[in-house]
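I have a structure I would like to understand better, so I am pasting it below and will then ask my questions one at a time.
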Amino acid sequence: MEEEEAGPPKRELYALLQVSPEATDEEIRKAYRHWAQVYHPDKYQDFHMKQIATVNFQRICEAYEILSDEYKRQIYDIYGMEGITSGLELGPKLNKVEELKEELQRLRKKKEEEKMFAHFRPSGTILAHLSMPQFLDGDGIMRGMAMASEVQSQLSKRTAIAMGGNLEVNGNSGGGAASTVLRHQLSPVSSIELVASAGLRALIGVQTTRNLSSHSTATIAIAKSLRDGSINLSNTWTRQLSETANGNIQLLLGPESSIAVGWQKKEEKMSASGELKIGTSSFAASAHYTCRFSSKSHGRIAGRFGSTMLEVEAGGGRKLSNFSTVRMLYTIGIQGIFWKFELHRGGQKLIIPMLLSRHLNPVFAIGAFVIPTSLYFLLKKFVVKSYYLQREKQKTSEIKERSSAQVREARIAAEKAQQLLQTVANRKRSRQLETNGLVITKAVYGNSKALKKADKSREVNNESASEVIDVTIPLNFLINDSGQLQLHEGVKKSGIMGFCDPCPGEPKLLHVEYTYGGQIFEVEVDDYAALLIPENPRV
């Protein structure tokens, strides 16, 4: 069966006993006694009912055995049932809760360190400059090419090394360089870096960074060129301006002194940045704005101007998978009209800027923007969208097929569990009807899309019915003596007695229709959300 969607821990044992993850030992004992009265096999004479009771009673006893034991409960809270069944490699029996906590922290720290030591991140960029005018002149389409690569590795908990190199060819000239950066964390608030580079920009240098406060960071660097012996000194100050924005000032002293002021803002659906740089004989400014239209697509507008450049860039990108993003950009400026294609895959980038024209012809400029944009939207609507819908449908179908047998078994088990709850649930329902109290008239749990579609059409069709389960009986059973129904936050509802997961891997909702005080109400809650109805019961 496919793994569930990312989210909070399932906490099935808390759902079985219907207690909060923060429940006290007394609350757990009380819940166990309550469920044991319903599912104890000795209460039933019928062989079939006794079998159902035995299976569910064993589940309740297992949940109580783990949650009533301080050691096992802490292991379960951190690692789930996998930690219980595997023994978590705890070694000898620990006598105190504090010792268990220390051992668990040690194991977690060890695993984090092993993960850190194994951390090995390669990254690289390939930049291919293409020129259509050059191609039409018969000189070939390739105008130049550049490649850069870097590998980062964690040598120890505080020390890391990064080694990289780059190579650039432009026309009949070219060059390259290799560099090494050794980074060491001196303390939680400061670090130092040693830099060495060979090639066209041969240099050695040192850089130190320190957190001045929780919102401010300062960096000082000094580097000496091995080619001409010049020395560059730079100071950079970074300040967090808000929860989503920060600004920085950089002062560079050397043969090409400059001062730069910049800011960055990044939110869930947009990001923006800007920079102004003034040198001894030049100045430059740039800004960009990126807006996310959805979880998979975004748009981008950027501008750059200065003493040697003036250009505007517009375009957008789309996320192909968890690791891949493609982007298409249109640039117009004093250097000409460009298309730029970018493919980002993990830490690797492929960037292909293509020069379309060196002349700023208005008609050509408009056509170069409108034609590919129109083509993109046509392909997206009639080709890409249908392809992704078909792929998602096929993926969902495969998951359903693989999990169908387990879902059927879980649904049968839930229906059997409801049989033993029905008598008490009907008794509680009758008592609530007499006092005009809380009565659950209808409750369904399952696929959120199916339930929302059913809510609009006011009925559940045959296709949607396979992705939902009726849970009216268990919810009526869970109404307490005060006439309230309470489901705890952070507890996955499929673990509640009489429930099951009818659609593994899909987001789920609980839809409840109930009457209280002679009035009709409806409520919907997410899989892990709390539910309390009514909030203020009559005394």
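Glycine is no exception: its Cβ is also placed from the backbone N, Cα and C atoms.
No curator has checked TrEMBL annotations; they are predicted automatically.
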Out of 8-35, 260-287, 400-427, which range is noted as coiled coil by TrEMBL?
400-427
So which residues does the transmembrane segment (359-379) touch in its own chain, when a touch means Cβ under 8 Å and the partner is 6 or more beyond its ends?
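Same-chain contacts beyond the flanks: 314, 328, 330, 332, 334, 336-337, 339.
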For the domain 'J' (12-80), DSSP counts of helix, strand and coil?
56 helix, 0 strand, 13 coil
